Amino acid sequence: MARHGDTRSPSPVGSTYSSSRRSRRDDDRYEKSRRDDLRSYRRSRSPERRYRDRDRDSYRRRDRSVDRRDDHRDEDSYRSSRRDRSRDRRRSRDRGDDRDHRRKSRERDYRSRRDDSRDRARRRTDDSADLKHKSRRDDSRTRNLDSKPREASKPSTPAPTAPTEDEKRAERLAKLEAWKQKQAAERERKQREAAAAGGARSILEEIDRKSGLSPAVGSPQSPATPTTDATPTPYSGKFDPKAIVRNAAPAPSTPAVLGNDVAVPQSAKASASSSSMNNHVQANKHPAANSTTSCKLYIPTIRFLQIANVTCTATSTVKRNVGGFGLGAKQVADAEKSSAVKTLGFGEEESKRKKLERLPTPPLEDAKDDMGAVDAAVEDEDDVDMQDGGTEEENAAAARAAAERREERLQSEALRAQSKEAALQSNGDVEMNDVPHQAESEKMEVDAAEEEVDPLDAFMSELAETAPPKKTTGARFTKAKDQQPEAMFGDEHDVDLTAVGEGDADDFLAIANKAKKKKDIPTVDHEKMEYEPFRKKFYTEPSNLAEMTDEEAASLRLELDGIKVRGVDVPKPVMKWSQCGLGVQTLDVIQKLGYENPTSIQSQAIPAIMSGRDVIGVAKTGSGKTIAFLIPMFRHIRDQRPLENMEGPIGLIMTPTRELATQIHKDCKPFLKALNLRAVCAYGGAPIKDQIAELKRGAEIVVCTPGRMIDLLAANAGRVTNLRRVTYVVLDEADRMFDMGFEPQVMKIMANIRPDRQTVLFSATFPRNMEALARKSLTKPIEIVVGGKSVVAPEITQIVEVRNEDTKFVRLLEILGNLYSDDANEDARALIFVDRQEAADTLLRELMRKGYPCMSIHGGKDQIDRDSTIEDFKAGIFPVLIATSVAARGLDVKQLKLVVNYDAPNHLEDYVHRAGRTGRAGNTGTAVTFLTEEQERYSVDIAKALRQSGQKVPEPVQKMVDSFLEKVKAGKEKASASGFGGKGLERLDQERDAARMRERRTYKTGEEGEDEEDKEDKAEKADERFSKIVSSVQSAAAAATTPLPGVPKGIDLDGKITVHRTEKDPAGASKNPLDKVGSAVADIHARLSRAGVMRSGVPIDNRGPDAGAFHATLEINDFPQKARWAVTNRTNVAKILEATGTSITTKGSFYPAGKEPGPGENPKLYILVEGETELAVTNAMRELMRLLKEGTLAAADSDARAPVGGRYNVV
């Protein structure tokens, strides 16, 4: 509560202080005998001391200035600037600290500082907020009139009169009389209307006599009558604020729209200009101490948006100021009520500018005990105009008429509620027909004007002519009626227990499972497709090569690094670019790039590819394999017609890594501009929307990774791109493409390309097991091998050292120091390979501490980081790069002179590719490998690579090789297979099968192509899997006879399930001892048969005396966590309880996927729904199934959006 004295806090509503703050001098003018003597500690100054002779002249001069401004004050609103001028000149003699307080309060208190004490006695005797407001308002106007006798004991000096005040006063009185006549006519019309409502008067009077309550409504004063001092008398009628609002407002011609402004009559505007505009009504923020303390009626006003909070206390009458339209004040007097009357709590009130609030309607059955509180809730609230509230009798008659209309409306709604079909057709809501009166009593409606039909509803009802028009214009919020869920569990109007059918649960679980599965593309039937013919053969052998004999061709291949070919009709290798049959534009680009002569692989591969043959090319790293398949592709594409709208690419290049795809795309760019071609690089990690936009614009060449290509083919139902025009396919690093998880994706893409395509495979390594797999997608291929299938280039110096783990980092620093100590290697690059992502980040941190600028790259980083890191490394921004094997293929850096295998590679091909990052295009390089004593398994492949490249194997490495081979002979170790396939396609197949079985058990995917064993297993456990998805509603008696645990019997797979009552002990049980023994034995067998098993419809503890008449169970153990949370959190359960009146209990224990409860253990987590009617249980189950569906779909969606995690930790 606000403090007394010179506090800055405003006075509370209803206090005897003015709502505006006073200066200290004004407060001192009051005598100590006034009612609010809380400031009695201040000294009082009499008028004689205040207006003594020495300052009387100045006072009169100031009054004359006030009189000169009276005309402006009457015609226009008060101007704060004018008041500030006059008030600033008048200062209190008190120079205390309240000067700031006095200055700040002047904008909020417009009472003139020149008024005398003429009305002081009147304010002292009459504590009415309305009279105090009017006396302050008319203080300055009556200052110049003849002085009146005062009730105060001390006289004051009379003020000079102004000649124009009488005329203005007469004019205002004339306007007032005209306004009164208009209001009198309005009241007579309302009385005639109220007379028609006399039928309900007797009923309501009888209710009033029974209740013994007499709430009173004060008649609002005429806002422009300053002399009215009558206190309204209470009446013995119902307090109906709706009727007050309706009577106070002008006769409505159109429905009032919430939030619009209400026009103020001209007479009200005239009086508003001279009334108090800053008499604030402070909202009472004190909460009720108990239910019998107070009730609140919030009366919002329109233009000035001040919320009046009228508080009705049980012990005293507190008077409040209600501001509205600046028309003065209104007295609201409330009669005393008994302390037993309960009040209606409306919660925390939030007052907002230019917003009207609506309050809920209390339950109707409480009307006898709480008549005043029920009527205090504003049910149908129009915009308020506080001009005239009428007399008490008129208000009472209007209240009774409104109550009669409300009674008729509720009766008609109760009749409609009895018809279930009509209710379903009109609103689609589920009616609780068992307790219609209770449902209606809990209904809370918020309408703008209940008795008036909304124009839109009326128009729609005229069109339909089947449903009666709804008499609501605002939003309706009901407790008893909950929105009917969508008809996803059977027929829309079916009310039986088909709510938990099999097919619908399978539908949304299948949707969730589909979201988790990878995108799939359909298999194309090539026999039904009509493909355009295309030409493969573009190569014409030059005459000098045609005259060459086979012996001369073999000698030439031997000179070109020992080219080995295998196949039928292999073309002879070319010696110059001009012999390849290329176009002028291509030759110009080759010349600009500085390619003088073809490399070994290029001289043999280009003629073979341009002859239209499938080719397998194996060559050492850095030998120019990329140009070997790009140049024939450009010639191949240029021979075909241009692309049309929505046609896919002609050339498709697939790579295993994103970095390699980026590098191939970069190598294409010099040729694209010259040949007027377009290429798109599509790889994972980059935004797919950009790649889709480029593909829709059209591209003859697509460089991609297999996973992203499948995504693009499946995007937008295959409308983004297609493979119908693909005739040239390249698999770069082909051994890796057919390894591990790449093989299914690659074969899926290859199956959708026309069979007569031309396929080219290139790699630096090609194990024999991968070779057999790759040949399945080729047709009579030519195999070209240059320098061995898995051989390190002879330009690379290989160093292998056997070291302990703790000495490797020191040795690495020594190698880097030796490299950069030579000025010639100032621009050299160093690439360090590790085996794990964590090791890459750890080594990065250690090298940074030692002063080496470096970066790391691995599969756990974002693609944009990987791309920028490689670009910076090539540009020389940092000289050292730490990487996993993700950078072992395709990375081409010309200044790379040192490769360090900090962690030894685990097979030969990985070692060849790592070492091949240096010594490219004829340059020299160094590859250093660290081996530890525990890595003797890897020493075999490293020694083999050294021997194949013609280098000596170090003695410590040879000892490790011999030791490992002896262990293999003794059976203690197993020799590792060559190639990346060492991790095993079989292992991945087993993991995929295991994941598929888990999904099948959990979600019942029902995938096709299952083997016989899976089919038999599915047939044996069909009922058990069905019970994991949805619960059935089944009686305890019927379920007790189930002989086999875990396999419920009597379940209709068509979804027609019946709800039975919970088993009750029969009243007239037989007293035969043998019957009792037999019943006990049967009960024991039934309990033993279901020990630890949760079957649908049979909760273990549903036999108690408090068990509902009907029940159902819903197992949620195997659903995702989000789905379980959706049906068990307090908020959702509370909503279902309020809507259906059932009891919902979470029972059982949670078991992870694949784990079943043992004997004597709790069943799996489930929900027990109990209710007194079948309809209540059904509605609760439908809502729970809906929440379960939403949670399952949300969990699947979040899993699909989750980023792929890596094997490293952010430090």
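Cβ from N, Cα, C; glycine included.
Per Swiss-Prot, the features are as follows:
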REGION    1-240  region 'Disordered'
COMPBIAS  8-20  compositional bias 'Low complexity'
COMPBIAS  24-87  compositional bias 'Basic and acidic residues'
COMPBIAS  94-153  compositional bias 'Basic and acidic residues'
COMPBIAS  165-193  compositional bias 'Basic and acidic residues'
COMPBIAS  219-234  compositional bias 'Low complexity'
REGION    344-429  region 'Disordered'
COMPBIAS  377-395  compositional bias 'Acidic residues'
COMPBIAS  402-411  compositional bias 'Basic and acidic residues'
BINDING   ALA619, LYS620, THR621, GLY622, SER623, GLY624, LYS625, THR626  ATP binding site
MOTIF     732-735  motif 'DEAD box'
DOMAIN    811-961  domain 'Helicase C-terminal'
REGION    975-1023  region 'Disordered'
COMPBIAS  984-1007  compositional bias 'Basic and acidic residues'
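Mapped onto this structure are the features recorded in Swiss-Prot.
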residue	record	contacts (Cβ under 8 Å, 6+ apart)
ALA619	ATP binding site	SER600, ILE601, LYS625, PHE762, ALA764, ILE784, VAL785, VAL786, GLY787
THR621	ATP binding site	ALA764, ALA793, VAL912, HIS913, ALA915, GLY916, ARG917, GLY919, ARG920
SER623	ATP binding site	THR599, SER600, ILE601, VAL786, GLY787, ALA793
THR626	ATP binding site	GLN663, ILE664, ASP667, ASP732
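Each of the binding-site residues GLY622, GLY624 was scored by how many other Cβ atoms lie within 10 Å of its Cβ, and the smallest score goes to GLY624. In the three-state DSSP assignment, the secondary structure recorded for ALA619 (ATP binding site) is strand. Other than ALA619, LYS620, THR621, GLY622, SER623, GLY624, LYS625, THR626, the residues of this chain whose Cβ falls within 8 Å of the Cβ centroid of the ATP site are, in sequence order, THR599, ILE601, ALA764, ARG920.
For the motif 'DEAD box' (732-735), the model's pLDDT averages out at 81. Neighbour density for LYS625 (ATP binding site): within 10 A of its CB lie 24 other CB atoms from the protein chains shown. Beyond the motif 'DEAD box' (732-735), the same-chain residues lying 6 or more positions past its ends with a Cβ under 8 Å from any Cβ of the stretch are 616, 625-626, 629, 653-657, 660, 664, 761-767, 770-771, 774, 889-890, 909, 979-980. The DSSP breakdown of the motif 'DEAD box' (732-735) into helical (H, G, I), extended (E, B) and coil residues amounts to 2 helix, 1 strand, 1 coil. THR626 (ATP binding site) falls within a helical segment according to DSSP.
For LYS620 (ATP binding site), the Cβ neighbour count at a 10 Å cut-off comes to 28, with all displayed protein chains included.
Assigned with DSSP, the residues of the compositional bias 'Basic and acidic residues' (165-193) fall into helix, strand and coil as follows: 29 helix, 0 strand, 0 coil. Helix first, then strand, then coil: DSSP counts for the compositional bias 'Basic and acidic residues' (402-411) stand at 10 helix, 0 strand, 0 coil.
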